[in-house]
């Protein structure tokens with residue numbers, strides 16, 4: 001049978017968080033507030049790094065790029081989620097669903113590699129401080145950033161393309177607030193065990209390899225920090241690396257529960273909560289985690305806020 005005769009689904013229904021209208025309004029208000037805070041916090045970090053010349057170092061350049069990534073990561077899901085909370089139809093087009101699927105996975109993969117590069121930067125700075133300026137040059141920093149984006153957006157492209165070519169002839173209801181791999185493959189009219197296996201294998205491989213690299217880097221960092229004679233030096237190193245590890249723990253803890261460990265026994269509601277944590281909650285916490293224990297960043301952020309107040313018309 002011709003594919004055009006089978007694939008009759010032109011849109012999907014994202015159920016999101018079903019409930020009474022008052023609950024929908026409350027969720028809309030909370031998620032909108034989180035979205036605004038995410039945009040504001042991450043934009044403030046980008047501006048602070050851009051305007052404060054003391055922050056023109058690889059660590060802060062990587063942090064600014066990470067904040068830029070987080071802005072797009074939440075933007076590919078939250079606006080549509082907000083629309084669906086106020087919508088009665090809660091529909092998303094076929095192409096829109098797969099576009100969201102592609103960008104959500106690509107940006108998530110890019111984040112994994114960014115965290116790896118940030119761990120590598122901290123490893124060089126603490127374990128090889130004398131060689132750090134000659135190794136982590138601006139040129140290398142740019143190359144690493146570009147590689148993160150390139151690998152992130154190429155990592156899942158082929159598997160997502162093949163999933164989009166599966167026949168979808170109904171039903172078209174996705175019990176989630178975004179287009180994810182498992183619900184889409186489940187809705188396909190034809191079984192696709194090979195594509196499903198390859199998709200999960202690629203996701204698991206990327207997550208496991210990157211987290212092992214990050215943990216290995218910080219294990220070496222911890223060993224080096226414990227050998228620092230001064231307590232002030234140890235405290236500064238722990239402060240910098242501690243914020244990175246908190247972000248890594250939040251992000252990887254949830255994505256591993258979702259894409260690496262067996263989730264067939266988990267309820268749909270649990271899947272939504274886990275996805276909500278790593279796709280919405282973690283990005284809004286990152287600016288606070290990275291700035292609260294970093295004096296240079298706090299000072300630069302104060303300068304940004306003061307500059308915004310000065311620019312306001314009297």
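Cβ coordinates come from backbone N, Cα and C, glycine included.
Per TrEMBL, the features are:
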- 41-290: domain 'G-protein coupled receptors family 1 profile' (DOMAIN)
- 25-48: transmembrane segment (TRANSMEM)
- 60-81: transmembrane segment (TRANSMEM)
- 101-120: transmembrane segment (TRANSMEM)
- 140-163: transmembrane segment (TRANSMEM)
- 205-226: transmembrane segment (TRANSMEM)
- 238-261: transmembrane segment (TRANSMEM)
- 273-292: transmembrane segment (TRANSMEM)
Outside the transmembrane segment (205-226), six or more residues from its ends: residues with CB under 8 Å to it: 109, 112-113, 115-116, 119-120, 122-123, 126-127, 155, 234, 237-238, 241, 244-245, 248, 252, 255-256, 259-260
Among 60-81, 101-120, 140-163, 273-292, stretch most in contact with the transmembrane segment (238-261) (C-beta, under 8 angstroms): 273-292
Beyond the flanks of the transmembrane segment (101-120) by 6 or more, those residues with Cβ under 8 Å of it: 59, 62-63, 65-66, 69-70, 72-73, 76-77, 144-145, 147-149, 151-153, 155-157, 160, 163, 178-181, 184, 203, 206-207, 210, 213-214, 217-218, 244, 247-248, 251, 255, 278-279
Contacting positions for the transmembrane segment (140-163) when only residues 6+ beyond its ends and CB under 8 Å are counted: 58, 61-62, 65, 98, 101-102, 105-107, 109-114, 117, 120, 181, 184-185, 188, 192, 195, 198-199, 202-203, 206
